[in-house]
Amino acid sequence: MNSALLLTLLLPVAVVSHVLDLPSNVLFKVGDRRNLTCSMSSCPEKVKFVWRSLEDKPLFAAIKSQDKESVLIFDNVMKDLENSIVCKATCQKETKQATTKIKVYSFPSNPVISGYDRLKLGEENILGCEVSSVYPSEFLKVQWLYEDKVLQTHEEEPERGVHYKFTPSSEDDGKAITCRASLNVNGIPPDEKIKETSVNMTVLSAPHNVKVSGATAVPLGSSLNLTCEAEGKPKPAFTWTALKPDGQSVEMGKHQDLFVHNVSLSDAGTYQCDIRNEFGNQRASVSVVVEAPPMDTLIEASPQSILKEGDSVSIFCKSSGVPVTRVVLSRRVDGEKKELMSSEGAETSVPLFSVKLADSGVFVCEAINEYGRQETTLNLTVEAHLLEVVLTPKILVLERGSSLVLSCQASGCPQPKFSWKNLSNTPKLRLIETDGFQSQLSVNLVELEDEGTYLCEVTCGSIKKSKQTEVKVFSFPSPVVTNSGPSLVGEIMKLTCTVQEVFPANLFQILWMDGEREMLSGTGSFSSGTTNLTSVYSYHVDTGDQDKRITCKVLLEMHGVPAAQAVKTASTTLSIHYPPRVTRITVSPLTELKEGESMKISCLSDGFPKGRTVLKRVVDGIQTELTASDGLETSFAIPSVELDDSGIYICETSNKYGSHNDSVEITVKAPPRNMTVEIFPSTDVQEGQNITICCRSVSFPPPAVVLSKLDSEKNVYSLDGVFLLINLTPNDTGLYQINVTNYLGYETEIFNINVMEKRVNPPLDWNDFLMPATYLGVATAMLGVVVLRVER
């Protein structure tokens with residue numbers, strides 16, 4: 001077919017073009033059932049439709065196709081449905097496609113407001129507005145409105161809700177507040193774009209504006225009516241309580257109104273109204289007065305009505321229970337009342353200072369008001385004083401330099417006067433302090449002249465009484481012991497005990513004590529002042545006195561001295577010098593050891609002063625120092641002994657007065673080892689020649705050396721390990737064994753001797769005689785040679 005014909009056939013097709021109908025944008029509501037139709041109505045035959053998602057997600061729809069249209073059916077619109085979808089339609093040989101963009105929105109319910117029903121008065125509260133299941137949330141706007149006024153706007157994609165901080169007043173209670181939500185998405189029906197909710201606010205508050213009304217002054221026998229009022233939400237509860245004068249409280253009822261019939265004096269007082277709800281409480285009080293003539297009039301004396309001469313007292317006059325206009329305090333003299341004090345009000349008082357006997361009598365308290373009067377009396381008694389004096393202590397014994405305190409107490413007198421005297425001497429009295437009923441004489445540092453009889457005299461008006469006490473003073477410093485210094489054994493050591501400035505000296509005794517044993521005693525002589533006591537004790541020392549503690553015990557035999565102060569001691573420790581002695585050397589575990597065992601050598605001596613201790617070993621007359629220490633002991637350890645450690649060990653201790661030593665012999669034993677066997681001239685010899693066998697080993701004690709031929713039962717013993725085999729024959733050829741043995745072990749060695757049969761040879765030359773002679777000379781030079789004559 002040529003090109004002209006092809007063009008003729010195609011032209012009619014190009015001229016006829018079909019239209020594909022599909023909306024470019026659709027908006028679906030979440031939860032709805034929606035259809036999307038793609039149609040090509042101009043096609044004369046059945047159209048083939050194909051739907052395809054441009055995004056990476058399924059279509060989420062059922063497809064229902066007819067001749068000229070295809071419908072996507074969405075049973076339940078979801079947010080995931082948003083997509084760009086292509087509808088492709090083929091009519092005859094022409095294919096066309098169209099694209100649509102599906103958008104989804106969700107705005108199902110009105111906002112829900114929270115926190116509106118429990119707002120606290122005067123506090124910052126938080127109101128919440130929740131808009132559920134909104135999509136797309138970025139187009140949501142939420143507003144708070146109050147009395148048609150926008151309070152707050154939120155446009156920042158609130159996910160679940162918004163909050164508004166609100167401080168209500170009492171006027172806000174019951175008023176409406178609105179939360180309005182708008183979803184500004186193109187295509188949403190106008191009636192679904194805005195949703196709002198209005199609620200009436202409930203403002204809660206603690207009780208306030210509390211007041212009590214009603215008459216608070218009521219005549220005796222009438223009725224009392226009080227009303228308690230308060231604001232608050234929820235409605236508060238009311239409780240009336242009466243506060244009695246004795247401090248007790250009595251609940252009167254749980255109502256706003258309080259009603260009391262036929263009031264009595266006991267109904268007067270304070271009435272308290274308690275108002276309470278869950279947010280707080282308030283209280284209001286009123287004082288109720290019962291109008292009546294004076295009652296409960298009282299007169300009393302403080303501290304008491306029975307007094308001692310010179311005491312002070314206050315007399316109180318008061319009336320309680322009813323309003324009193326005036327009170328009058330009087331004293332009855334010769335049957336008539338003499339006014340002392342009066343006062344406008346319910347009470348008055350008068351003080352009486354330093355009462356006398358003449359102040360005794362009857363006092364009258366009279367209370368007056370417009371309804372009448374009442375009086376009561378008090379009998380005041382004034383008695384004479386009974387003066388008593390106590391001086392402590394009765395006898396006082398003090399150490400010189402201590403403090404003296406004498407205490408004089410007076411009783412039965414309100415204002416005693418004190419004076420002090422020393423009857424034995426007339427020194428200036430020291431510090432005197434008087435406070436009320438007590439006077440103290442104090443001496444900070446007592447001296448000998450403070451000794452004597454002290455008198456305390458107390459004056460109370462015309463009455464005088466006195467007491468006296470005896471003060472004795474002693475001086476007893478601590479003793480000091482000195483010695484003549486270190487002494488050698490056998491010398492005499494002088495010990496001196498001194499007590500400075502004692503008093504009274506004739507009552508002191510000095511004892512020299514060795515533990516509990518008394519060795520020497522002495523007493524002091526009379527002196528009017530302080531004196532020094534000294535005692536000397538000469539002591540013949542021996543080694544057993546080293547570190548002995550000698551005590552100087554000083555006793556004061558004076559009555560009244562506390563036991564802890566009557567005895568004082570001073571001690572010295574004897575230091576005795578002597579040369580070393582009883583030096584001992586010990587070996588652990590034993591002095592006889594096996595090679596390889598451990599050993600410890602210890603040295604211990606006695607001497608003073610401590611010198612130096614040296615441990616030495618003596619081998620072949622040569623001394624070798626092993627260790628040395630400053631002091632009386634030393635030790636030396638060998639973890640694994642050897643044969644060379646055998647020998648004499650000497651321990652020597654020395655100081656500047658001499659030396660002393662002790663010794664011990666240590667033996668190390670070992671089984672045979674390092675065995676060597678030498679055969680002269682050779683193991684191969686001619687018939688008739690001699691062989692010298694020398695065996696050496698290291699051991700102790702010395703071993704027994706035995707030579708035996710293995711195919712023979714004959715054994716030969718040697719003390720020094722040298723054997724001489726003479727005149728050998730071919731029968732002596734064979735294996736030989738040497739056994740070296742002591743009680744700790746043994747070693748053996750096997751060797752072969754080959755004796756060659758003698759042949760007829762030319763005459764012997766010089767060398768044939770020289771070698772046997774040489775070997776024989778070596779063998780005979782060895783001590784204790786064992787000669788073995790081989791029998792044929």
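Cβ coordinates come from backbone N, Cα and C, glycine included.
TrEMBL lists 1-17 with the feature signal peptide. According to TrEMBL, the feature domain 'Ig-like' maps to 12-103, 108-195, 207-287, 293-381, 387-472, 477-575, 580-667, 672-754. According to TrEMBL, the feature transmembrane segment maps to 769-788.
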Please identify the stretch among 12-103, 108-195, 207-287, 672-754 with the greatest number of Cβ pairs below 8 Å relative to the domain 'Ig-like' (293-381).
207-287
Residue distribution over DSSP helix, strand and coil in the domain 'Ig-like' (207-287):
3 helix, 53 strand, 25 coil
When secondary structure is assigned with DSSP, how many helix, strand and coil residues does the domain 'Ig-like' (293-381) contain?
3 helix, 58 strand, 28 coil
Average the per-residue pLDDT over the domain 'Ig-like' (477-575) and send me the rounded value.
86
By DSSP, what is the split of the domain 'Ig-like' (477-575) into helix, strand and coil residues?
10 helix, 57 strand, 32 coil
